[in-house]
Amino acid sequence: MAQWIFRMKGCLGSKVYSEVPDGGWGWIVAVAFFLVEVFTYGVIKSFGIFLKDLMSDFGESNSRVSWIISICVFVMTFTAPLSTVLSNRYGFQPVVMFGGFLISLGTVSTAFTSSINQMYLSIGIVTGLGYCLTFLPTVTILSQYFSRRRSVVTAMASTGESFAIFAFAPAFTALKNCIGWRYTMVVIGTLQGIIIICGALLRPIVIKPKTSTGTEQKITSSLPEEQMQGSVSSGDSGVQSLDELERGLKSGKEQRELEPLQISPKQQDVSSKNKLLDVTVLKEGSFLCYSAFGLFATLGFFAPQLYVVELSASLGTERDKAAYMLSTMAVAEIFGRLSIGWVLNWGRIRKIFVLLGCVSLMCLVLVLFTIVNGFWGLAVCCVLYGFLLGNIASTHIPMLAEDDVVGIQRMPLAVGVYVCIQSFAGLAGPPLGGVLVDVTQNYRAAFYSCAAGMGLGAIFLGLVRPAKTGQLCSRRDNGQNNPTVEQVSKDKPEECLEVDNQDIKS
């Protein structure tokens with residue numbers, strides 16, 4: 001047994017590199033993230049095929065059954081800070097593996113429920129919490145394995161959600177017709193156990209740069225307890241980029257300048273506890289603006305999927321043809337996710353400006369939904385919406401790693417706060433659209449509310465970079481007036497540089 005554990009630690013232990021590999025074991029992590037997308041968001045978006053069966057078996061209304069997914073998504077996003085705390089305390093591997101176990105347990109136990117209230121607990125809470133513990137840690141560690149190729153790899157891996165919609169909807173429908181929805185849930189839960197294997201593959205990445213003097217300094221990107229040991233405090237998450245290490249380890253003189261910043265063991269324990277969740281980002285104007293963008297933009301993500309079929313049917317399109325609108329969105333979303341990765345990897349335009357352009361266009365497309373008439377007009381809107389949704393959905397979380405927002409050093413600790421803020425819009429969005437439709441008796445009203453939310457999101461996104469540069473200017477002014485502050489700022493990592501060296505290389 002001891003030998004087996006030793007071998008497992010060797011095979012699935014930390015991966016040590018002298019610099020960010022932009023590949024290596026990162027490709028395995030990318031495949032793991034693809035599968036996590038398949039068995040989390042792919043299953044969530046395919047759950048609609050069970051709605052009629054649940055309504056007939058339990059004698060419940062459509063709205064009561066729909067709350068299952070609403071609760072699941074809310075728990076998944078609202079508990080994001082818990083995922084961040086656990087990941088930074090115990091590491092990504094055990095957290096994702098435990099999350100995969102919860103997902104499988106919740107889905108399988110759904111087959112034995114006798115009421116909708118019990119499904120609120122099994123799917124809504126247990127499975128929702130499992131989704132939270134798997135998705136965020138996986139996308140976070142994937143960002144740490146890549147630098148120059150980060151955008152394109154993340155975009156490609158995130159297409160698992162779109163491919164799953166194509167595969168699961170017809171497959172689960174056929175399986176349900178053969179063995180019933182309860183046994184189908186058991187099959188789905190068993191398949192979701194693959195996430196446990198994916199979690200085991202998330203090997204922590206260790207950056208051990210070589211210096212000219214032959215000494216090595218160990219910096220760990222995904223094990224917080226190791227991050228703080230023998231590393232230089234950067235005033236944030238404890239994770240350092242290669243550019244900082246190159247600046248700090250080029251010569252013996254610079255090493256001596258960094259020595260006063262070494263942390264004692266007691267300070268390490270205190271720092272690691274304090275940095276399990278980085279709520280200090282709430283003091284930064286750039287992060288607040290970006291969080292407001294995520295909050296309002298999320299309002300624009302639900303209406304087309306929920307109401308485009310009914311809107312098309314209300315305009316005279318046959319219901320069978322109207323169902324193809326969702327398939328059209330899914331196809332366009334795949335191309336959107338792939339194309340945005342290549343555009344961001346091109347590196348000629350700031351990534352946050354590319355995202356701003358996509359959000360602005362999305363707002364216009366949502367308005368266009370309320371103007372066009374007929375099947376083909378809506379089909380064109382669905383193509384545009386799906387393409388832009390793929391652009392935004394695959395980039396808004398990885399964008400936190402850019403220096404215009406919080407940077408790769410603080411992303412593992414700030415992503416939980418960001419997604420938690422988003423959760424309120426995810427919970428309030430569908431009921432808000434439903435109320436507007438009930439009051440106006442027109443499905444276009446839901447699209448107006450989404451367009452308004454997306455427009456507000458675009459405004460706040462446009463303020464992110466000005467807020468970041470404004471903060472930098474104030475720091476420079478303070479440094480000029482106080483020599484002590486200026487000296488300390490030289491020793492600290494240059495977090496607020498307008499252009500990161502990694503961006504230049506890409």
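Every residue, even glycine, has its Cβ placed from backbone N, Cα and C.
Just so you know, TrEMBL annotations are computer predictions that nobody has curated.
Quantities reported herein were computed from a predicted structural model and do not represent experimental measurements.
Tertiary proximity for the transmembrane segment (24-44) is limited to same-chain residues at least six positions away from its ends with a CB under 8 Å from its CB atoms, namely 15, 17, 69, 72-73, 96, 103, 107, 131, 134-135, 138-139, 141-142, 145-146, 153-154, 156-161, 163-165, 167-168, 188, 191-192, 194-195, 198-199, 201-203, 205. The annotation transmembrane segment is assigned in TrEMBL to 24-44 (among others).
Here TrEMBL flags 26-469 as domain 'Major facilitator superfamily (MFS) profile'.
Within the chain, the transmembrane segment (64-83) has long-range Cβ neighbours (under 8 A, six or more residues past its boundaries) at 44, 47, 51, 54-55, 58, 95, 99, 116, 119-120, 123-125, 127-129, 131-133, 135-137, 277, 415-420, 422-424, 426-427, 430. The transmembrane segment annotation in TrEMBL covers 64-83 (among others).
Annotated transmembrane segment per TrEMBL: 95-113 (among others), in sequence order. Same-chain residues lying 6+ beyond the ends of the transmembrane segment (95-113) with a Cβ under 8 Å from its Cβ atoms: 36, 39-40, 43, 83, 86-87, 119, 122-123, 125-134, 137-138, 182-183, 185-186, 188-190, 192-200, 202.
According to TrEMBL, the transmembrane segment annotation covers 119-142 (among others).
Feature annotation from TrEMBL assigns transmembrane segment to 154-175 (among others).
According to TrEMBL, the transmembrane segment annotation covers 181-202 (among others).
Per TrEMBL, region 'Disordered' is recorded for 216-240 (among others).
Among the features that TrEMBL reports, compositional bias 'Low complexity' is placed at 229-240.
Proximity of distant same-chain residues to the transmembrane segment (287-307), defined by a Cβ-Cβ separation under 8 Å and at least 6 residues beyond the stretch ends, is recorded for 45, 281, 326, 329, 359, 362-363, 366, 369, 382, 385, 389, 392-393, 396, 399-400, 405-406, 414, 417-419, 421-422, 424-426, 428-430, 432-433, 437, 443, 446-447, 449-454, 456-458, 460-461, 463-464, 467. The annotation transmembrane segment is assigned in TrEMBL to 287-307 (among others).
Sequence annotations record features per position, and here TrEMBL assigns transmembrane segment to 322-340 (among others).
Same-chain neighbours of the transmembrane segment (352-371): 293, 297, 300, 303-304, 308, 311, 340, 343-344, 378, 381, 384-385, 388-389, 391-392, 395-396, 399, 402, 404-405, 444, 447-448, 450-451, 454-455, 457-458, 461-462, 464-465, counting only residues six or more beyond its ends whose CB sits under 8 Å from a CB of the stretch. Among the features that TrEMBL reports, transmembrane segment is placed at 352-371 (among others).
As annotated by TrEMBL, transmembrane segment applies to 377-401 (among others).
The feature transmembrane segment is assigned by TrEMBL to 413-433 (among others). For the transmembrane segment (413-433), same-chain residues at least 6 beyond its ends with a Cβ under 8 Å from one of its own Cβ atoms are 66, 70, 73-74, 76-85, 88, 136, 139-140, 236-237, 275-279, 281-282, 287, 290-291, 294-296, 298-299, 301-303, 306-307, 397, 400, 406, 445-446, 449-450, 453.
Per TrEMBL, transmembrane segment is recorded for 445-464 (among others).
Per TrEMBL, the feature region 'Disordered' maps to 475-506 (among others).
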Quiz prompt | Closest-packing stretch to the transmembrane segment (181-202), where packing means Cβ pairs under 8 Å, from 119-142, 154-175, 322-340 | solution = 119-142
Quiz item: Under an 8 Å Cβ to Cβ limit, what residues of the same chain, 6 or more beyond the ends of the transmembrane segment (322-340), are close to it?
Solution: 151, 155-156, 158-159, 162-163, 165-166, 304-305, 308-310, 312-313, 354, 358, 375, 378-379, 382-391, 393-395
Quiz item: Which whole number is the mean pLDDT over the domain 'Major facilitator superfamily (MFS) profile' (26-469)?
Solution: 79
